[in-house]
């Protein structure tokens, strides 16, 4: 079955949802925008008509919002709200725990328990299990394993079998995902280390809130297109959620500001 056929379904399984996303996010950048989004809207309307189904209220609202917009951009979270996805899988995209970047960062700290800078499949499975338990949902271990594998395939952009902070952050709604803004200001390791040492003014090996404030102000000043100084407090709060009792160590800040080097 093709992605277009899946759109005709009354309920879409987790595996079908992945296929739909993979098909329409044709450039693999983690978002549907421009032509991709318009193709999806057009084919969604055609598929529902072909199946003799009306657009659901969520679909109508979505088409009204993005149908004419040339600058529209949606992520996986937004797509999950539109399609009639199986209930337990849908819960991951409606999680109250992940409504803001700050909440997300705190969640990341909890599950990246070994501070490796990524979450492996076992850590991801624990994360998903906890989300379901918070929603008072119990599912069989085999189903949880299936969800974990699908999520890994869906978010693992570089196919290394584990999720980095920016990859898992696609569980956040686009508007909330401040990490998107920082993609354009990441530094190479040499630049990052130099900046860290410059702003770690007392040389104690970590950056505190005031030092981070100074660093972010300078970044906003140098990168006005990407970063908005009016959002400085939000950036700071979200990044400090990665800190250890107010101490932001090099490895944690690197997750935000240091580009991966191959």
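Cβ atoms are placed via backbone N, Cα and C, with glycine included.
Swiss-Prot names 112, 114, 116 as Ca(2+) 2 ligands; from the candidate set 122, 123, the record adds 123 to that same site. The Cα atom of residue 31 (Ca(2+) 1 binding site) lies nearest to that of 158, taking the binding-site residues 116, 158, 160 as the candidates. Residue counts of the domain 'EF-hand 5' (187-222) by helix, strand and coil are 25 helix, 3 strand, 8 coil (DSSP-based). Cβ neighbour count for residue 112 (Ca(2+) 2 binding site) (all protein chains, 10 Å cutoff from its Cβ): 22. The two recorded residues, residue 156 (Ca(2+) 3 binding site) and residue 2 (N-acetylthreonine), show a Cα separation of 22 Å.
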